[in-house]
Amino acid sequence: FQGGDTCEYLLSSGRFLGEKVWQPHSCMMHKYKNSEAKNCLIDKHIVFIGDSRIRQLFYSFVKLINPQVKEEGNKHGNIPFEDKSASIKVDFLWYPEVNGSMRQRIKSWTEGSVAKPHIIVVGAATWSIKIHNGSNEALAQYKINITSIAPLLEKLAKSSDVYWVLQDPVYEDMLSESRKMITNEKIDAYNEAAVRILNSSSRNSKAKVKVFSVSKLIAQETIMKSADGLHLPESSRDTNAMILMNVYCNKIMKPIDGSCCQPQPPLTLIQKIAFCFFTLSIIGYLIISLIHRNNYRKNKSCADLESGEEKKPAISTSNVSTLEMLLHSFCKLGLIMTYFYLCDRANLFMKENKFYTHSSFFIPIVYILVLGVFYTENTKETKVLNREQTDEWKGWMQLVILIYHISGASTFLPVYMHIRVLVAAYLFQTGYGHFSYFWIKGDFGVYRVCQVLFRLNFLVVVLCIVMDRPYQFYYFVPLVTVWFMIIYATLAIWPQIVQKKANGNCLWHFGLLLKLICLLTCIYFLSYSQGTFEKIFSFWPLSKCFELNGNVYEWWFRWKLDRYVVFYGMLFAFIYLALQKRQMISEGKGDPLFSNRVSNVLLFISIVSFLTYSIWASSCKNKTECNELHPSVSVVQILAFILIRNIPGYVRSVYSSFFAWFGKISLELFICQYHIWLAADTKGILVLIPGYPMFNVLVSTFIFVCVAHEISQITNDLAQIVVPKDNSTLLKRLLCIAGFFSGLHLFSAMQDQSRH
């Protein structure tokens, strides 16, 4: 529990991650781009007052607005800057000492109707030490001068943001002879005086001068790299400027990955309704549990005193048990969603930025691989991509993806490209699994469709409501949902071609191939026609589902990135099942998939292909160019892995129960990580135990996995109730669901209107 204002922590404490990445205590710092800085500071006037160190900070701040600005001009004079496109004025005023001249300038902003700067950054001391040779009289005069200035700054703080920058330490060994009197002992004395005097008259007031002390901590780590022992290196000044930008702009721009200085978002109308619903569910479940317990006690079997016969307790009706199961599930879900909200919406737990190192990614990978191999068991069946094997595949891929996310490995391009293959492999399994089901079972009923859609989307819909996020934010679920519907439509439209029908006439196989070719043509057309794609998904109600930040570009990008892999999965399933039907492959326990010679050749080709793709992915230099090739070539490594995993009989006959366990809850793990393992919608890391990174990861991971497992069980329980097999009951439930989404849309419209 951070228990305070994150702005105070941002201005006063933190540590370096690596050499250049500054991590404030308890919160995340956003890296502002030029366009964002301009949007935040539009029509603003910012003033920096002080000596050469403040001038350096001024230039670093200005470069956040315009990187082309050069540090030139009179170093011991005022320096103006103006960005006319955004009406931003930033001025540096040369006042190297805290004296009467500085006081007069500050006083001029407090009098009459003079326009006050929106942000004032003040700081000075080293010149006083230098000019007066570090005398005690100079320190005494400094205290007097700052005492006279403090009330004026406090008065300005009521309408402006006022920051007093404490003096950074110096690297005494590098100081020139003319600066040798500037010692860290003297600097500490001046800083102590400033902190004690500032805000002394307004300690209980909200309008305070903000003391910018974090610069001291940054300087302690970096001053050794200074050119003269006095002035900070450029990277440190840039960090200070970025901290200033975060302090002022985060509450205005509200960046997702900038939790410092952001107030807790107010509850929306839909969130309030959800809170009431879960509260009523908990109360309802407790009431029913108490009633059942009392009835059980009253109807407890006991000997009849007259007849000696045993009385049996009344049997509960199925309606009551269904209601109890429903309330029990929503009761647990309500408690879990409260934890979600507290972790990633309330300012209760700390959040930190990610920082990538090779060891933070590869060491956990090796660790889980060893664990996975340790838990090796025999499979129940030895078919290609049997249930245990696909669960295992999903499990280890999901664990690798989780480590990739928490370690921030997306900044390392070779790792990014391999993770893209893992995401593609999930979609490949989607194509393979659903095609196999429809082809073998021939079940195109509404029940099957509703079951799949419910299991895929239930958690995401709840999170959209509780966490106030759009559906497209959880991009993977919309992706697999749309691809499932595409697979269903491809196979369900006339003529419906299934295995049973095709066995009677081989021509039906060509009919199915024709369907697949039509599907491939549509995919190819949409991938090269962004306008058509965006028009399709910009129509209401699809736009409500697939828009993110007011457009569907993100959805188009995600869809395009793995556009062919589901088709490859369907085609692989068709070829495999055709070969299996004609007994052209051997799937016995311990037997190689093909003849020894063919198996060895295919195995060699697969290993070479697998390694070739890895070499290509590791040599990628440009993410955009590699993303363009990825949809066409990712299937190479996927097919190579399948063949390596299935051609040898022994390898096909065993699986890792450790990975398979995680595979069964892989969808829940992928979605839950957004808010209760990572933080700030995956941009940072949740900190439950500050100061102990490894212990924190262990505790948060344990809770995260338990919650994902529990949600998986809740989803399965509710799927049986919400999606019954009886068609008439199912139709009623679908009408109720349609009513629910209509109400949700109505409340969403009311919410949007109130925001505007």
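Residue numbers in this text run from 1 along the chain shown.
The backbone N, Cα and C atoms fix where each Cβ goes, glycine too.
Just so you know, TrEMBL annotations are computer predictions that nobody has curated.
Quick look at what TrEMBL annotates:
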| type | residues | note |
| --- | --- | --- |
| DOMAIN | 22-92 | domain 'NXPE C-terminal' |
| DOMAIN | 253-734 | domain 'Cas1p 10 TM acyl transferase' |
| TRANSMEM | 269-291 | transmembrane segment |
| TRANSMEM | 355-375 | transmembrane segment |
| TRANSMEM | 396-417 | transmembrane segment |
| TRANSMEM | 452-468 | transmembrane segment |
| TRANSMEM | 474-494 | transmembrane segment |
| TRANSMEM | 506-526 | transmembrane segment |
| TRANSMEM | 561-579 | transmembrane segment |
| TRANSMEM | 600-617 | transmembrane segment |
| TRANSMEM | 629-647 | transmembrane segment |
| TRANSMEM | 659-679 | transmembrane segment |
| TRANSMEM | 685-709 | transmembrane segment |
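Tallying C-beta pairs under 8 angstroms between the transmembrane segment (452-468) and each of 355-375, 396-417, 561-579, 659-679, 685-709 places 659-679 first. By the Cβ criterion (distance under 8 Å, sequence gap of 6 or more), the transmembrane segment (659-679) is not counted as touching the transmembrane segment (629-647), fewer than 3 such pairs being found. Contact counts against the transmembrane segment (561-579), taken as Cβ pairs under 8 Å, peak for 506-526 among the stretches 355-375, 474-494, 506-526, 600-617, 685-709. Residues in the domain 'NXPE C-terminal' (22-92) partition by DSSP class (helix H, G, I; strand E, B; coil) as 22 helix, 19 strand, 30 coil. A mean pLDDT of 92 is what the model gives for the domain 'Cas1p 10 TM acyl transferase' (253-734). Remote same-chain residues near the transmembrane segment (600-617) are listed as 414, 417-418, 421, 594, 626, 633, 636-637, 639-641, 643-644, 647-648 (criterion: CB distance under 8 Å, separation of at least six residues from the stretch ends).
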